[in-house]
Structures are given as structure tokens and as C-alpha cells.
Amino acid sequence: MAGNTIGQLFRVTTFGESHGIALGCIVDGVPPGIPLTEEDLQHDLDRRRPGTSRYTTPRREPDRVKILSGVFEGRTTGTSIGLLIENTDQRSQDYGAIKELYRPGHADFTYDGKYGFRDYRGGGRSSARETAMRVAAGAIAKKYLDMKHGIKVRGYLAQMGDVVCELKDWQQVEQNPFFSPDVDKLDALDELMRALKKEGDSIGAKVAVMAENVPVGLGEPVFDRLDADLAHALMSINAVKGVEIGDGFAVVNQRGSEHRDEIRANGFQSNHAGGILGGISSGQTITANLAMKPTSSITVPGKTITRSGEEVEMITKGRHDPCVGIRAVPIAEAMMAIVLMDHLLRHRAQNADVHVDMPHG
């Protein structure tokens with residue numbers, strides 16, 4: 001079956017291609033009475049949209065979202081919310097030369113192998129352009145989580161190449177085009193991007209995302225553990241090749257005496273688990289890291305084949321991001337928010353009558 005939907009009670013279904021007429025999504029499960037306007041969604045869309053700095057793709061899309069249904073007089077009605085974003089800056093002629101080629105590192109080869117037919121313009125459905133609708137839907141979830149439960153979801157660029165950004169100042173994240181919380185690393189990031197542009201190459205990145213004030217109890221063991229669903233959602237983002245929850249792969253070098261999050265009367269003494277124990281939220285901050293591959297859309301010549309099997313050398317033309325991790329921050333926030341809202345609704349549906357006087361954690 002087509003994998004265009006995520007969530008059970010809070011369900012998001014997206015549609016559209018990179019160079020199609022428009023992108024859209026249907027959001028089901030939003031409780032009624034939530035104040036919601038297009039401007040509520042536009043803030044995060046503006047953070048994600050292309051053409052906003054010299055470090056991202058020059059494709060200039062306004063990404064103005066339209067609410068088609070599910071909202072009346074500024075409040076959600078409880079019915080399906082339809083969202084639409086028109087594509088306005090397609091340059092499909094940039095892709096005519098690759099109609100018969102498989103771009104190395106892209107989904108061209110696998111989409112052809114699966115469907116026997118593909119939209120080669122900008123990658124079609126496989127393009128990260130689709131994530132605009134995830135961000136729009138995620139903005140709804142972020143508003144609900146914050147307004148009703150005080151849950152805040154936010155992320156930042158943790159690393160680009162060898163440049164590591166420390167979490168020094170959250171306010172800085174929105175003040176620079178890199179989403180970096182470390183103002184001391186901005187010059188190094190700028191130098192790296194300039195070098196990549198000169199070389200016609202790209203670089204990978206690590207994006208961090210977290211949720212604060214998440215209550216104890218979210219997650220449905222055993223197959224719908226909260227960390228499993230978060231990993232699924234975050235891995236579904238284009239270019240993500242790895243997801244860590246908490247300390248992630250660093251646990252390989254840790255001892256049990258170090259990794260266990262000891263609990264005292266004043267709460268947990270550490271958070272190596274990333275806010276999730278046994279697949280259920282512990283009440284601590286949920287933390288995750290995403291490893292993002294360097295984009296294969298570069299001007300460095302590469303070897304590939306045509307649909308008929310002929311070996312050729314190609315250079316990718318078009319407008320692309322030298323580091324996809326920069327614009328991935330609002331996408332990661334959206335996917336985490338979508339999962340958390342879905343699990344909040346699922347927890348309420350099954351456990352509404354459960355009241356436990358938990359000690360402070």
C-alpha cells in the first residue's frame with residue numbers, strides 16, 4: 001500500500017510532487033475548538049522555505065499555505081483539515097537532460113524499479129519539496145501541544161561537517177540562517193559553505209530536536225513504542241540516514257553504571273535515555289539526533305548509467321542545497337510534534353481514567 005499517511009488518531013496524509021501544480025495534505029484528528037489561522041502555519045513554513053539565504057537552494061517559493069477545510073470562524077471544527085501550497089517557481093527544463101539517466105545517490109533508480117515510471121522533474125514525489133506539507137501539519141500539532149499541554153518542540157543544527165555547534169543560546173537559533181545555537185561557530189559554518197560552493201560539492205549534517213514538558217505515559221508498547229514511532233517518523237525525512245534517541249550510538253562505549261538514569265527524591269539525575277524508558281515517555285525532555293547525508297545534487301562529475309544500461313558521466317544541474325541539514329530543523333520539529341500529538345490522543349483514548357500519583361521524576 002502507498003505510504004503517504006502517518007499517525008493513527010492524529011493522521012497526516014500528504015500529496016504532490018516537486019514540479020507539480022501544488023502540494024497538499026489532509027490532517028485528521030484535530031480536536032474541535034482550537035484557534036487556527038493560516039498565519040499560525042506560515043511561521044514554520046517560512047523557516048523551511050527555499051530561497052531565504054545564500055546558503056540554500058535559490059528556488060524561490062513563497063510557500064503560502066491555504067486552509068481549505070476544517071476551520072470555521074478561526075477555530076477547528078473537528079473535521080478534516082485540508083491544506084494546499086501552490087508551486088510557483090518550477091524550472092522543469094533544468095531536468096530534461098536526466099530523463100533517461102539515474103542520478104547517483106537519488107531515488108531515480110529505485111522509483112523506476114518499483115513503479116516502472118517516474119516523474120524525473122526535480123525528483124517528483126521523492127523530492128524534499130514534499131516536506132512543506134509535513135511542516136504545515138506539524139505546525140498544527142505544535143500549537144495544540146503547547147496550548148493544551150505546555151509541550152514545546154524545538155530543534156537546531158548540531159553539526160555540519162567537522163563544525164560542531166554547542167547548545168549555548170536558543171534565541172540564536174532563529175537569528176541566523178544556519179539554525180545554530182552557537183554564535184561562535186557562524187564564521188566557520190560560513191567558510192565551509194563558501195568552500196563547498198566553490199568546489200561544487202555538498203556536506204552532511206546532524207540536526208538535534210527535542211520536546212520539553214512531555215508528560216509521563218506516552219507510548220504504546222510493544223510495537224508502537226514512543227521511541228520506535230519517533231525513529232520511524234524522523235527516518236522518513238529525506239536524506240536522513242540515522243536517528244539517535246538520547247545518547248544513541250554513544251551507549252556502545254558506556255557502562256551501565258554511567259548510562260542508567262538514577263532517580264532521587266528531586267527527580268532524575270541524568271537523561272541518557274532521552275526521556276523515554278521502556279518505550280514510554282518518562283516526563284524528562286525527549287531528545288533525538290538526525291544524521292543527514294550530503295546531497296548528491298552536485299556539480300562534481302559522477303558516473304552513472306542510463307535506463308538502457310549505458311555508462312555515462314553526468315553533472316547534476318538545477319537548484320539545490322549544499323547542506324540539506326540547514327532547512328531540516330523545522331521538518332524534524334514537525335515530525336516529532338506529529339508523533340507526540342498522535343500519542344497524546346491515543347493515550348487519552350485508552351487511559352483517560354488512569355490517575356497515578358507519581359513521585360517527582
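Heads up, residue numbers simply count up from 1 along the chain you see.
Backbone N, Cα and C atoms are what each Cβ position is placed from, and that goes for glycine too.
As given in Swiss-Prot:
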- Arg48, Arg54: NADP(+) binding site (BINDING)
- Arg125, Ser126, Ser127, Asn238, Ala239, Gly278, Lys293, Pro294, Thr295, Ser296, Ser297, Arg319: FMN binding site (BINDING)
- 40-49: compositional bias 'Basic and acidic residues' (COMPBIAS)
- 37-59: region 'Disordered' (REGION)
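Taking only the Cα positions, the spacing between Ser127 (FMN binding site) and Arg48 (NADP(+) binding site) is 14 angstrom.
Around Thr295 (FMN binding site), taking its Cβ as the centre, 23 other Cβ atoms fall within 10 Å, counting all chains. Looking only at Cα atoms, Arg54 (NADP(+) binding site) sits nearest to Ser297 among the binding-site residues Arg125, Lys293, Ser297. Within its own chain, the compositional bias 'Basic and acidic residues' (40-49) has Cβ neighbours under 8 Å at 61-65, 67, 83, 85, 131-132, 135-136, 138-140, 142-143, 174, 327, 329-331, 333-334, counting only residues six or more beyond its boundaries. Taking H, G and I as helix, E and B as strand and the rest as coil, DSSP gives the compositional bias 'Basic and acidic residues' (40-49) the counts 9 helix, 0 strand, 1 coil.
Look at the binding-site residues Arg48, Arg54, Arg125, Lys293 and count other Cβ atoms within 10 Å of each Cβ; Arg54 has the fewest. Taking the Cα atom of each, Lys293 (FMN binding site) and Arg48 (NADP(+) binding site) are about 18 angstrom apart. Sequence-distant contacts (6 or more apart, same chain, Cβ under 8 Å) of Ala239 (FMN binding site) comprise Ala128, Met292, Lys293, Thr295, Val324, Ala328. With a 10 A radius on its CB, Ser297 (FMN binding site) counts 21 other CB atoms from all the protein chains.
Secondary structure at Ser127 (FMN binding site), as computed by DSSP, is coil. When other Cβ atoms within 10 Å of the Cβ of Ser127 (FMN binding site) are tallied across all protein chains shown, the result is 20. Across the structure, Ser297 (FMN binding site) and Arg48 (NADP(+) binding site) place their CA atoms 19 angstrom apart.
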